[in-house]
Amino acid sequence: MPKAFLIDTTRCTACRGCQLACKEWHDLPANVTKQRGSHQNPPDLNPNNLKIVRFNERMNEKGVVIWNFFPDQCRHCVTPVCVDVADMAVPGAMIKDKKTGAVLATEKSAKLSPADAKAVAEACPYNIPRIDPKTKRITKCDMCFDRVSAGMQPICVKTCPTGTMAFGERDEMLALAEKRLADAKTRFPKAHLVDVEDVSVIYLLAEEKEHYYEYAGFM
């Protein structure tokens, strides 16, 4: 049975523990960044940050400042278009693991031409893949494939202190998502699940997706 994540943003405090744990587990170096007037750091996904917590600050109709936090990562699509696009250029550059549902960029992705690698990245409806300028490989969340294959949770899920993130069999996560949604609606009437049928990373949002991030949802 394929796996799935549930990311309940109503519980997220933007501690960024998931973001840091991901870097540590994948042994990725620190990024040198500059203050841009936002708490979001780094400003975007990059080859050294496969997961980031996005910050969206706005003022509601009552003049109250509202924060919306969005832990962004690859959605591990049920039907990943990135795999199809990559296969047309270099078969096996991107694959989907049948057992877990993880969408993975392999070492063959370094053989993609710059134009083909760009096409793979631009095919993603969630703007996830990045191209490592040093290795030329496509980089993105790999569902902690090594950990999951060994029966462990992804490191971001294990690290999360608030229960924002959950991981398990897809059917179990769908059931948990519906349960969490029912609870969230008692506090957030506009709460909803995003692109449930199309992805393996199910987001529960308290408000419209536009209040989180441009690519928070596709449908």
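Using N, Cα and C of the backbone, Cβ positions are placed for all residues, glycine too.
Per Swiss-Prot, the feature [4Fe-4S] cluster 1 binding site maps to Cys12, Cys15, Cys18, Cys160. Here Swiss-Prot flags Cys22, Cys141, Cys144, Cys156 as [4Fe-4S] cluster 2 binding site, drawing on similarity to another entry. Taken from Swiss-Prot, the feature [4Fe-4S] cluster 3 binding site applies to Cys74, Cys77, Cys82, Cys124, supported by similarity to another entry. Per Swiss-Prot, the feature domain '4Fe-4S ferredoxin-type 1' maps to 3-32; the stated evidence is similarity to another entry. Residues or ranges marked as domain '4Fe-4S ferredoxin-type 2' in Swiss-Prot: 132-171.
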Remote residues contacting the domain '4Fe-4S ferredoxin-type 1' (3-32) - C-beta distance under 8 A, at least 6 residues beyond either end: 39, 42, 46-53, 55, 67-71, 76, 100-102, 141, 143-144, 147-148, 154-170, 173-174, 176-177, 180, 184, 187-188, 191, 200-206, 212
Look at the binding-site residues Cys12, Cys15, Cys74, Cys160 and tell me which residue has the greatest number of other C-beta atoms within 10 angstroms of its C-beta. Cys74
Looking at the binding-site residues Cys77, Cys82, Cys156, the one with the fewest other Cβ atoms inside 10 Å is Cys77
Cα nearest Cys74 ([4Fe-4S] cluster 3 binding site) among binding-site residues (Cys12, Cys141, Cys156) -> Cys141
Same chain, not part of Cys12, Cys15, Cys18, Cys160: whose C-beta falls within 8 angstroms of the C-beta centre of the [4Fe-4S] cluster 1 site? Give them in sequence order. Thr13, Ala14, Arg16, Gly17, Gln19, Val53, Pro71, Cys156, Thr159, Pro161, Thr162, Thr164, Met165
Residue counts for the domain '4Fe-4S ferredoxin-type 1' (3-32) under DSSP, helix then strand then coil, are 12 helix, 6 strand, 12 coil
What other residues of the same chain, not counting Cys22, Cys141, Cys144, Cys156, have a CB atom within 8 A of the CB centroid of the [4Fe-4S] cluster 2 site? Cys18, Ala21, Trp25, His26, Leu50, Lys51, Gln73, Asp142, Met143, Pro154, Ile155
Euclidean distance between Cα atoms of Cys141 ([4Fe-4S] cluster 2 binding site) and Cys160 ([4Fe-4S] cluster 1 binding site), Å: 16
So which one is it: of the binding-site residues Cys18, Cys124, Cys141, Cys144, which has the fewest other Cβ atoms within 10 Å? Cys124
Give the distance between the Cα atoms of Cys124 ([4Fe-4S] cluster 3 binding site) and Cys141 ([4Fe-4S] cluster 2 binding site), rounded to the nearest whole Å. 13
Extra residues within 8 Å (Cβ to Cβ centroid of Cys74, Cys77, Cys82, Cys124), [4Fe-4S] cluster 3: Arg75, His76, Pro80, Val81, Val103, Ala123, Pro125, Tyr126, Ile128, Pro129, Lys140
In the domain '4Fe-4S ferredoxin-type 2' (132-171), how many residues does DSSP put in helix, strand and coil? 12 helix, 7 strand, 21 coil
Integer Å distance between the CA atoms belonging to Cys77 ([4Fe-4S] cluster 3 binding site) and Cys144 ([4Fe-4S] cluster 2 binding site): 16
